[in-house]
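Annotated features in TrEMBL:
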BINDING   D111  Fe cation binding site
BINDING   C124, C127, C164, C167  Zn(2+) binding site
Amino acid sequence: MTPTAFSPATTAQLDRADALCTRQGARMTQQRREILGLILDAQTPVGAYDLLEKIKTPDRRPAPPTVYRALDFLLDHGLIHRIERLSAFVPCTHLLHDPHTHNPDHCHDHDHETCLHTAQFLICKSCKGVTEIADSSVLNTLRGICREQNFVMQGASIEVVGLCAECATKARPTRKTAQKQASPSSP
Ligand SMILES: [Zn+2]
Ligand SMILES: [Zn+2]
């Protein structure tokens, strides 16, 4: 496979992911790195078949299991998340932040466990953008509920569907105009 050339920003994120894997005693292969890079570069969630198309070259057509194995690895190491509703993948938000400029209260190591167990996503129906939120209070609430039910929780994914701030703003003016027209003019 000819490695895809990634931007310096993506390369920095990939190097961080690499270091993270090493710390977990795992190895980031060229293939896994390329798949992760493609997911990092995508603006919206990417499906396995999209990835398969992207890594295809005239002399090499990787089989779907190759991509699935790489995705499983990236999921297991908390580098990406699967959006069940869309059957697509997004990079873990914590990977996108530079640990040196990032708020230490929300550094990757701190949130990593939370992230592996529960991930919460705000999915915009309009632009298909996905925002990951890591609120430990959600995890704590779920843990409490499961404890009461004697349910052994292994993972949870919370997917909220709606409009992001930008798309909601764009959707609003038409409604405002309609209201203005409908309201009686002031004397
Ligand atoms: Zn995450
Ligand atoms: Zn949006």
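Keep in mind that glycine also has a Cβ here, set from the backbone N, Cα and C atoms.
Of the listed binding-site residues C127, C164, C167, the Cβ environment within 10 Å is emptiest of other Cβ atoms at C127.
For the recorded Zn(2+) site, residues C124, C127, C164, C167 set the reference point as the centre of their Cβ atoms, and the other residues of that chain within 8 Å of it by Cβ are K125, S126, K128, G129, L163, A165, E166, A168. All protein chains shown were included, and the count of other CB atoms within 10 Å of the CB of C124 (Zn(2+) binding site) stands at 19. Classification of C164 (Zn(2+) binding site) by DSSP places it in coil, neither helical nor stranded.
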